[in-house]
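This report concerns only the one structure given below.
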Ligand code: FAD
């Protein structure tokens, strides 16, 4: 039997329709991978129905993005753009990339807002106390050493003008360790947006951004760790569809000398590692760079100042602090809706 052209066209349309239905009814594929970056690890999970979204291809692109952030902002790489600025002992302007400009500008904005609790020029102090690329000091620095190094710090001595970075003191050294990891997360998220991936979770060293929730309207669930160095246990579980979460604390990166704990977070006022009862700060925000920076700034402030700052700025914040009876929590009103059943 001969089929008419119209019948053949109908069969083709029916087949195409079927193929379309099959591809639409497919549940999204979960793609996960991890790797190393910035002296720590990263992990990415995406859900996608698009057959063009292939794990190896996405990971290759993610690695390129992360290499770029490292090459721009690492103080651990003497060749990075930031290290070149730090080695440039001059008050002459230096042209910088748009990425570096964005991160320095955000760092300076949050420094102003937090009255210097966040200070991206504390690098020499971080190094003096043995937490940067340099080795740990054999003994606590003397008052003279501290004062000499503090002369070289102060975010007010740094500015960005016409895509150029300028320091008022040629010895100024910029350390973006507290903010560039978050920026790296945001750049990977931007890449996934460009690839038209609608549901993803990106994490670098504990700083996370999530987008679009999970399939079947499920939310992304994330754990906030208990602030102890002896085990990895969960303090709280939070859940959300979109947003970024960053945590700062002194329970992982510290050392003890003569029974005293030295944290890697420096109070720019004293020039020394923070000494108070606050042990962990978690901040939920729209972007990871801001969450990361605020988490450190709140940590520097200490419990009471951090609480009032969070209230004043209506921030979603969870603090864990030490009392004589163990650990206590504070959650701002904006944070409470994020809590999930454990
Ligand atoms: P956060 O709380 O996010 O930041 C704390 C860090 O910020 C401190 O360690 C200090 O550097 C700085 N800081 C302290 N006090 C203040 C303050 N008052 N204001 C502002 N900043 C402050 N580590 C390696 O060991 N090897 C590497 O090769 C390496 N490469 C890196 C490359 C990049 C681009 C970045 C951003 C970091 C890199 N690191 C590397 C650093 C490592 O990942 C850090 O430990 C990390 O960035 C600090 O993050 P955190 O979450 O532990 O603490």
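Glycine is no exception: its Cβ is also placed from the backbone N, Cα and C atoms.
What TrEMBL records for the Mg(2+) site is 292, 296, and among 178, 230, 247 the residue it adds there is 178.
In the three-state DSSP scheme, residue 178 (Mg(2+) binding site) falls into the coil class. For the recorded Mg(2+) site, residues 178, 292, 296 set the reference point as the centre of their Cβ atoms, and the other residues of that chain within 8 Å of it by Cβ are 118, 177, 179, 181, 182, 246, 248, 293, 294, 295, 297.
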